[in-house]
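Asks: Sharing a structure with you now.
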Amino acid sequence: MSQTLSFVLKTHSVRKDFVHSVKLTLARRRDLQYIYNKLSRTIRAEACPSCASYDVCPNCTSGDVPDDGSSTMSIPSWEDVTKSSTYSLLLSEDTSDELCPEDLVNVAAHIRKALSTQSHPANAEMCKEQLTFLLVMAEAMLPQRSRASIPLHQQHTAARLEWREKFFSKPLDFLLERVGVSKDILQTTAIWKIILEKACYCKSYGEQWFTAAKQKLREMKNFESDTLKPLIGGFIDGLRFLTVDNPNPMGFLPKLIGLVKPLNLAMIIDNHENTISGWIITLTAIMELYNITECTIDIITSVITAFYDKIGKATKFYSCVKALFTGFRSEDVANSFWYMAAAILCYLITGLIPNNGRFSKIKACLAGATTLVSGIVATQKLAAMFATWNSESIVNELSARTVALSELNNPTTTSDTDSVERLLELAKILHEEIKIHTLNPIMQSYNPILRNLMSTLDGVITSCNKRKAIARKRQVPVCYILTGPPGCGKTTAAQALAKKLSDQEPSVINLDVDHHDTYTGNEVCIIDEFDSSDKVDYANFVIGMVNSAPMVLNCDMLENKGKLFTSKYIIMTSNSETPVKPSSKRAGAFYRRVTIIDVTNPFVESHKRARPGTSVPRSCYKKNFSHLSLAKRGAECWCKEYVLDPKGLQHQSMKAPPPTFLNIDSLAQTMKQDFLLKNMAFEAEDGCAEHRYGFVCQQEEVETVRRLLNAVRARMNATFTVCVGPETSHSIGCTAHVLTPNETFNGKKFVVSRCNEASLSALEGNCVKSALGVCMSDKDLTHLCHFIKGKIVNDSVRLDELPANQHVVTVNSVFDLAWAVRRHLTLAGQFQAIRAAYDVLTVPDKIPAMLRHWMDETSFSDDHVVTQFVTPGGIVILESCGGARIWALGRNVIRAGGVTATPTGGCVRLMGLSAPTMPWSEIFRELFSLLGRIWSSVKVSALVLTALGMYASRFRPKSEAKGKTKLKIGTYRGRGVALTDDEYDEWREHNASRKLDLSVEDFLMLRHRAALGADDNDAVKFRSWWNSRTKMANDYEDVTVIGKGGVKHEKIRTNTLKAVDRGYDVSFAEESGPGTKFHKNAIGSVTDVCGEHKGYCIHMGHGVYASVAHVVKGDSFFLGERIFDLKTNGEFCCFRSTKILPSAAPFFSGKPTRDPWGSPVATEWKPKMYTTTSGKILGCFATTSTETHPGDCGLPYIDDNGRVTGLHTGSGGPKTPSAKLVVPYVHIDMKTKSVTAQKYDVTKPDISYKGLICKQLDEIRIIPKGTRLHVSPAHTEDYQECSHQPASLGSGDPRCPKSLTAIVVDSLKPYCENVEGPPHDVLHRVQKMLIDHLSGFVPMNISSETSMLSAFHKLNHDTSCGPYLGGRKKDHMANGEPDKQLLDLLSAKWKLATQGIALPHEYTIGLKDELRPVEKVSEGKRRMIWGCDVGVATVCAAAFKGVSDAITANHQYGPIQVGINMDSPSVEALFQRIKSAAKVFAVDYSKWDSTQSPRVSAASIDILRYFSDRSPIVDSASNTLKSPPVAIFNGVAVKVSSGLPSGMPLTSVINSLNHCLYVGCAILQSLEAKAIPVTWNLFSTFDIMTYGDDGVYMFPIMYASISDQIFGNLSSYGLKPTRVDKSVGAIEPIDPDSVVFLKRTITRTPQGIRGLLDRSSIIRQFYYIKGENSDDWKSPPKHIDPTSRGQQLWNACLYASQHGLEFFNKVYRLAERAVEYEELHFEPPTYASALDHYNSQFNGVEARSDQIDSSGMTALHCDVFEV
């Protein structure tokens, strides 16, 4: 059975070894038995539930299957089913028997039991997928009404409905791609149903669905194996020619050399340059060499034209490649060579890599392939099996399409006529596709299945035709009634009349029977004695027949349901002269539709009168029916004498006209004429027909024009048909109409200006337009003469019909045929041309059939081309122009020569009289045609001359100085300019440092202009370079020289006199090492037993080191101690040592950006196996500019955040020093127990929490609720007048019902988005500029704090302890020192930090309790509080607090204003800086914290580290702050990917450094976008003031002119710059006399320069008080501290005094009311007193405990102020 399994049993099987179904507890005891079961039954997909309890399951070997009650009949055994012919046909055996539906049901029943019980014998060879294919196959082959009996049909239908609901809304491209890669037959069927359903309703969904469905139905998802055959055959023929037919190489080599031209080719290649011009020159030379220039240009033009049509399909290639490897699983194979050979053979034949089920079959065939002979035999067996797999996939796909299309044949699915018509067209396309496959010799074994599929589609087509006919108007038949006495010969006359009307046998209807299944639908229908029964309503039946509305006949058989009456002629007989009484209600309708013929036989009547009672002799009847008298009544004559009264009153009042006598022949003619008249209709043609041409002339010239057009048709062998008048006759091409001016015509019109008989002679000169005197384009003329409708294949040939050949091609190879056919085709049709060429050569006796199929799929160009092919199988003539005609014969037909060019325009020019009648489109077409003709004549020469010019300009070498001027000292370039040694050095250094190529003259002129003070760009840059160079002018040293002349004291220069180059113009990608190594404190040397250096290792922490395997191989030592606990994963390894380095480096799985020496890294970071001197190593290829040496292995490659992502393990050596091999970091569990608490556990699975990807925690810390802000007792009634209110309190707050958790989640989502920031090289350059700028006032090597408690006391103790300890820091302190719980946490973190190990970077999340604008409260916007771990904060304070203090100490003059007191004279220094600027921009940013790029923050942290002492504490703090922060709330931990937490240590300084870096990057990019190279320090040319996201930029005119580009670059980095007042609009320069910075307006007042606090911030101090935590903020607090409240309001009055008397009086009244209602014990100051107190504090005369000493301290309860 296994050798005869069909495609449904072979395709998509999934191997699951039997041993996998056995429980692990029994594995050791039954190994031998399971091995036997594995070898004997390898294709089992699933084991039954009882298999685990038996060595050999009895259920799986039983041949009989008991009925489980699901079937209504007895089921034969599986053995009997396998012997049936239906099962044999399913297995593709060669038999001619038809499939039996009953056998199909039996097979399907067994399949259902096999799927349900899983102990069926079929399970030994079939998996679930194969059984499902069998059931779908049964569905496709059975009629739709019989499918309900198939088991699992309902389940499959439900599954398809679910797939339909899932995919119905998907776009067309998604469905087409999915149907190409899906391996689920149910899913494929559902997708096909969606595509076909939307194609049927394309009016609603778009025409592209119908077009795509038609195209996709003609495509098959298979690999065309025949394409390999001609290629392999050509190789064999070539090999035979070289070795057997022509073994003498002397005869072949000269031809080969002459063809290849190796010398010329070698010279071309030697002169090739890898540049654009070099490639153009080389390719042009090669095309010239092989004479393919013209055709190559044409091909390139065609490719460019079709590029945008093809680019949309490019993704299909990736999908196809990916589908080959989807689901592939490794197998435990023994004979690897034969498995590889079998897999390759399977791919070449089927186009698919074998999946696991097929791989099992391959293993069965190759089980004994242990020798070469047995392997070859097994491969031959496999080839036969593989050959069927390609066809099986085709039949599977056709089955799915058939099921999908047949399910659409449902009135509930396709309801309207348009959808039925499209369904009919799609069914015909699929039917034709299946029919084509039945003609394929390879598919012959599957013909029974294909015929059943065609039968199903025939049913769909028939049903659609019936549904169309029911809904459409039909032709009205003609009904004649032959009335007369019995025996006169009416019935015989009716039969004879039927033969004269049609060649078909007439249909017969008997109205005495109520079912009409015998009606055949032929053209003539006879109803004998139609009025013989009174029980039949024959009047209405006749009215229904003779009608334009469709008539559905009542049929009993199911297959005849919906049958329509379709006959053209109805002949009825009756013995009654009046079949319907005139008084009947239906008499008028009846007689209007019928014509009555009164039939009499005079011979019979006379015989009966003469001899009554005797039979009528045969002599009374004649064969020509001349014995009958046929009298045709007039219209609506109900009897011979009278006509129906129109009013229906007196039917005997109107006499009938005399009858018309006819014979049988004239009666037939009369009936035919009546049918034509009844169904005559006139339909107007809309629009302008594309293939209709009208030639307008006068009436007397019509005949002459007609003769001229016929002459043109004969001269050109044209395909058009000449018609006189607008009516069209049949034509294979266009139609040419001769018209008069008054005739209407829908087509292109041309006015004939010259028409005479003499014009016929002009046709000999091919001047068609001159002879006709019309002005038409050459394209229209070619289209008229040679256009062909559709594709026509002619098996018979008439020489007078053959066109004149333009090309004659003798086909000696496939390439000759393909090269010639390309002229006829568009670019899309060239692939079909090559395929057809293969078929013509391989099977020449089937040329017509194959060419018909090919031509139906091919699109031809609009150019007229005729080619005669002389092939081994005969002659093929192909003519194309829009469509194509082809003649294919098995004998020779010689028809060479003829027209070699298209018809030309003759002597008519656009300046003639016909030009005004020519439309503009034709005039421009004529122009473009002329330009194209000119280009075609010069295109080759133009390309060659262009390439020649490039080649000539390539070799223009500059003369090199010789002799005394070799070093270019002296005369240069023949200008007579001589330089001194110093001038020469200066000129060389200037060109080298600024990357210029100035001549001596230009250099001297530039130096002269710079000395004179010129202000142009070049002079300014030269002066900058000169000033930098002169800084080293005094770099001398006093030395004592002892020589022949004695002892001399001289000064010698210790350094070369050159400008100091800071490298500002060197980009990140251009930098080269070696430089300082990263993580210097964490890198150690690995040595051998003798102490010789082998490589490096990197400390990961806790005595664990990372290195590469070949470094630590053998006896390896670290710091004199042997390493231990070595573990490897590929080339990456880890080990332990008791020697611990002072610092540790963080590791991360990612792509590196820097090598160990600081140079940039270019890599794809895709691990592959590489062969090295140490063996094969799995690593990643990278390129850097640093040259490495032996012993560098193990050094770290880092990313932007300083994390180690790989280790150096090899290089390309001296030949390719830039090539590096890097081993990526992989996690190795060293089983170290964590010594510190950490919430975020990477080993836990990710979960989704309200849209955030996070880790679940063991404990839940909820977000604090309520607020401490309350309305003042003085404003319980009017608090709504204040612009601010306490922030939203959560879900119970009526102002905004948004929960606190939702607010936190919405605030965290921007932090989870990636923010790239500025480019790498730009950020790196600006970072160097900022470091140099800060170096002027920040000292180097600032020592870090070595005492943990000293660092702790530098922190603000009113803040949170972080996620590991609840409460604030001061809550865990006693007598000014931390308690045991806090001290233990600090000690654990400090111990790790002293080893340089990064700490967990985790924060607890809360919401800030503050006043917010009312509109933001209603939106639920609150600012988050990131509670930093107290241990991390202590370590960072120890590391960077000294650097931070040094930066903030210069806030008055530096770019960072952190630490400034805006109520001190410092504000005057800011005002002077602002006033000195040319343009001032005040900028604020929206959502600053969440839009920070991690790379920019890492660069700012590196700046702090640059000025530190680089101790392990600094390394730990730096690595901690660079790692991604983790936000902890509500029992989850979220690792964010961007942003800067507001609670990060030193957040104000880091934010301000970020601000400076962003602005510097934006300016740098804007300048260089204007082609201005930046070689100076930007921060020395403009001033900037930053405090976090607040900024004031003082730009010079140069920078202000590109401010739009600067702010545009800032936006491109992910920032959101806005105006300070948050108004909408571009950021523009502001008035320097009133600048807003830190919510202060810096302006001049009568008291001097002051920073005025925002008025709303002052006023809202009186409306709200801080008290106990509560949800009722509208009620005043229970307890008010009069001291702190009085101090708050006192300070508010002082700030109000700076705004003038009017505003102060308003505040004074509020203060008085507050004192009254709040029962305070202080007197508000007067205006003069407040002014005096504030000025005293400002100038430092009077000091107060609540004075704002720095912006980081609180005053005036600034948690209420929005500062």
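Cβ atoms here come from the backbone N, Cα and C positions, even for glycine.
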Asks: If Swiss-Prot is the reference, give me the range from 963-968, 981-986, 1293-1298 marked as region 'Acidic'.
Replies: 981-986
Asks: Check the candidates Ser1067, Ser1360, Ser1497 against Swiss-Prot and report the one noted as phosphoserine.
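Replies: That would be Ser1067, per the phosphoserine annotation in Swiss-Prot.
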Asks: Among Thr25, Thr917, Thr1040, Thr1586, find the residue to which Swiss-Prot assigns the annotation phosphothreonine.
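Replies: The phosphothreonine feature in Swiss-Prot corresponds to Thr1040.
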Asks: Can you name every residue in this chain, apart from Gly484, Pro485, Pro486, Gly487, Cys488, Gly489, Lys490, Thr491, with its Cβ inside 8 Å of the center of the Cβ atoms of the recorded ATP site?
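Replies: After dropping the recorded site residues, what remains is Thr573, Asn575, Val599, Asn601, Val604.
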Asks: Tell me the Cβ contacts of Lys490 (ATP binding site) under 8 Å, same chain only and six or more apart in sequence, or just say none.
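Replies: In sequence order, Leu482, Thr483, Gly484, Thr573, Val599 meet the Cβ cut-off.
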Asks: Below 8 Å Cβ to Cβ and six or more residues apart, same chain only. Which residues does that give for Gly487 (ATP binding site)?
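Replies: Expected: Asn601, Val604, Val616.
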Asks: Select the most exposed residue of Gly484, Pro486, Gly489, where exposure means the fewest other Cβ atoms within 10 Å, treating these as the binding-site residues.
Replies: Pro486
Asks: If one measures from the C-alpha of Cys1193 (active site, for 3CLpro activity) to the C-alpha of Pro485 (ATP binding site), what distance in angstrom results, rounded to a whole number?
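Replies: Each residue's Cα considered, Cys1193 (active site, for 3CLpro activity) and Pro485 (ATP binding site) end up 120 Å apart.
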Asks: If you average per-residue pLDDT over the region 'Acidic' (981-986), what number do you get?
Replies: 77
Asks: According to DSSP, which kind of secondary structure is His1110 (active site, for 3CLpro activity) found in, if we only use helix, strand and coil?
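Replies: DSSP assigns His1110 (active site, for 3CLpro activity) to helix.
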Asks: Let me know how many other Cβ atoms fall within 10 Å of the Cβ of Pro485 (ATP binding site).
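Replies: The answer is 14 other Cβ atoms.
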Asks: If you measure C-alpha to C-alpha, which of Pro485, Pro486, Cys488, Thr491, His1110 (recorded positions) come within 10 angstroms of Glu1131 (active site, for 3CLpro activity)?
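Replies: Neighbours among recorded positions, in sequence order: His1110.
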Asks: Give the helix, strand or coil assignment DSSP yields for Pro486 (ATP binding site).
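Replies: Coil, per DSSP.
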Asks: Counting only residues 6+ away in sequence within the same chain, which have a CB under 8 Å from the CB of Cys488 (ATP binding site)?
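Replies: Result: Val599, Thr600, Asn601, Val604, Leu628.
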Asks: Relative to the Cβ of His1110 (active site, for 3CLpro activity), which residues of the same chain, six or more apart in sequence, are found under 8 Å away?
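Replies: Listed in sequence order: Glu1131, Ser1174, Gly1175, Ile1177, Cys1193, Thr1209.
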Asks: Per DSSP, Glu1131 (active site, for 3CLpro activity) is which: helix, strand or coil?
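Replies: In the DSSP reduction, Glu1131 (active site, for 3CLpro activity) maps to coil.
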Asks: Return the residues near Thr491 (ATP binding site), defined as same-chain residues 6+ apart in sequence whose C-beta is under 8 angstroms from its C-beta, sorted by sequence, else 'none'.
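Replies: When sequence neighbours closer than 6 are ignored, Thr491 (ATP binding site) has Asp528, Thr573 within Cβ distance under 8 Å.
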